[in-house]
């Protein structure tokens, strides 16, 4: 679970007036927040839930090995 509360970026001005969103990718799963006006700080207050089942893993060490081999 990722708890998105706020994004700050001191000194940055976004010239476009279109709404923006935060996109997060974890374990090959993509989630997006709701759109907000392009004004910092961006106050999201959203939770994103990422779930993945490792069907061939028999214990937590096997999951660790699978993740290390894929993402290292």
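Heads up, the Cβ atoms here are built off N, Cα and C, so glycines get one too.
As given in TrEMBL:
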DOMAIN    1-70  domain 'Spermatogenesis-associated protein 6 N-terminal'
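Taken together, the residues in the domain 'Spermatogenesis-associated protein 6 N-terminal' (1-70) have a mean pLDDT of 89 on the 0 to 100 scale. Residue counts for the domain 'Spermatogenesis-associated protein 6 N-terminal' (1-70) by DSSP state, with H, G and I taken as helix and E and B as strand, are 11 helix, 23 strand, 36 coil.
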